[in-house]
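Here the structure is laid out as structure tokens; the discussion comes afterwards.
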């Protein structure tokens, strides 16, 4: 296998936000207690003209801009999401066409709850590492759903990030040292056909689901690389809320200085398939040469993908070619609960 890594990355977020207070107020709930419990203050809201496809296209275009490559050299495009706009019509084809990739490539839409994006990255690593193609692109994006009044309403958000994987050493902005996955059959979160909103196991989504898989995925990666938390400069984990993320990070021995750039949920909500890709993009925006990054995703159902990544000196050349994730977070406009319901199509007759 060739050494492979990231040659370009890009992110995208909707401009709209809703505060936890507005959601709680509509349902007569204690906003401060909810914010303390979840460590989520506000979340992104997709506009009426935004969906997983539009977010993926924008993120992919920014990744191409940073990579500086010919899009027709990309041999595979994978879009991971649990909110593809069509049940039958691939988002990946839309993204590729909009970015000038088509038609000489392979594509697929991926689903594995919130880790479909990182699964796509692993697939790209294999295709490029085997020499089958020069570049491959993976996108993780979602416009997540939460039923009115459900706890998910405070966190289910929208956003995504794209990564272009390559093998030319002089083009790498970060190289993959290794990857590891941990998967079981765990029914913590699900949505059947024709259902508008997912169901979840409440507290069951914690210890036997999120923590079991994230911690085992992390420990498996560290065992494979013979490392501990002290060997890394930064880390990012899946973040259904801020509390789970911080708890997992601390249990693994990571400090706030290591996990702070990856933690976006308090200001963004849970972007599902976009959560870890977005957290990683923010870390890359702040990273410097030789920084080492520890990554663990999580997807309900359930599984985790882990990565060990080292940043190269080329990072300083590409960050400012596109808008950073932090700038996207800062560019926002608040909406109230009524507008939120309208934009999310939750008013049903």
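Every residue gets a Cβ built from N, Cα and C, even glycine.
The candidate list 143, 155 contains one residue that Swiss-Prot assigns to the (3S)-3-hydroxy-3-methylglutaryl-CoA site with 30, 31, 114, 205, 238, 270, 300, namely 155. Counting other Cβ atoms within 10 Å of each Cβ, the lowest count among the binding-site residues 155, 205, 270, 300 belongs to 205. Reduced to three states, the DSSP call for residue 31 ((3S)-3-hydroxy-3-methylglutaryl-CoA binding site) is helix. Taking residue 82 (active site, proton donor/acceptor) as the reference point, the binding-site residues whose C-alpha atoms are within 10 Å of its C-alpha, out of 30, 114, 205, 238, 300, are 114. Cα separation, residue 30 ((3S)-3-hydroxy-3-methylglutaryl-CoA binding site) to residue 243 (CoA binding site), rounded: 17 Å.
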